[in-house]
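Participant: Sharing a structure below in structure tokens format, with a few things to ask.
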Amino acid sequence: MSLTLAIYGKGGIGKSTTSSNLSAALALKGAKVLQIGCDPKHDSTFALTGMLQPTVIDVLTEVDFHHEEVSVEDVVHTGFAGVDTLESGGPPAGSGCGGYVVGETVKLLHEFGLYDKYDVIVFDVLGDVVCGGFSAPLNYADYGVIIACNDFDSIFAANRLCLAIKQKSARYRVELAGIIANRVDYELGGGTTLLEQFAETVGTQIIGRVPYHDLIRRSRLMGKTLFEMEGPGKEECTTPFLEMAEYLLNRPRSTVPKPMGDREIFNVIGGWR
């Protein structure tokens, strides 16, 4: 049975870059990996494939949603380290439901007999939206993973995501594996001090620390994973992903988080340093 991860975080926090490098690290550890982008921008897998690929919804629309006319090759593309990638896409802006799109994607994977072919499936999910639509990947996941950095807005979004995972855990098997600290800067950004206090408060842990480094920015622009890049800082940037991959493949300790109320987090976080 596949290990299924649903990765969330505040919009612009670096989910797609982080997800792609985590998928690459999992593959380099020997896992057969599928990354599913759940965002109408369909750029989740750009770093793995170097291209913007057609979405499931684009392909289904062309055949009037006749699934039997769609082949695996139409929607699944192989990227770096043999990671298979798929972009679910989404409805046009201002219409439709993202949850329906995710459901159609999973349905198609089952029809192809692919869902159980992989050791790991990674859902990279749009922004910090926790509506019934874009929280749908939690229905299929073993673990939720939250990406955050050491600032208020990011932690506020992480707290809301903890609430979504807690609510979903009442009906589904999903629990929170932990938080990936992104853009960690010990000189100007306070390192992970706020994130560590938040993790302890909601009953979870930091499972990886990704540095704030220009190599990561450049890799995203070039449509490459960090493992394909050259230059100063490569080992510093890739090591956290390899360590996280090893940790997740060993089925980590997980919890049902205990989120704070919105007013509570406003009051509490001001006292953290």
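Indices start at 1 and increase along the chain as displayed.
Using the three backbone atoms N, Cα and C, a Cβ is placed for every residue, glycine included.
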Participant: Quick one: which of LYS41, LYS117, LYS234, LYS258 does Swiss-Prot put in the ATP site with GLY12, ILE13, GLY14, LYS15, SER16, THR17, ASN182, ARG183?
Facilitator: LYS41
Participant: Where GLY12 (ATP binding site) and CYS97 ([4Fe-4S] cluster binding site) are concerned, what is their Cα separation in Å, rounded?
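Facilitator: With the alpha carbons as reference points, the distance is 21 Å.
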Participant: Indicate whether LYS41 (ATP binding site) is helix, strand or coil by DSSP.
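Facilitator: DSSP assigns LYS41 (ATP binding site) to coil.
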Participant: Cα-Cα, whole number of Å: LYS41 (ATP binding site) versus CYS97 ([4Fe-4S] cluster binding site)?
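Facilitator: For LYS41 (ATP binding site) versus CYS97 ([4Fe-4S] cluster binding site), the Cα atoms are 15 Å apart.
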Participant: What kind of secondary structure is ARG183 (ATP binding site) part of, going by DSSP in three states?
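Facilitator: The residue in question, ARG183 (ATP binding site), is strand (DSSP, three-state).
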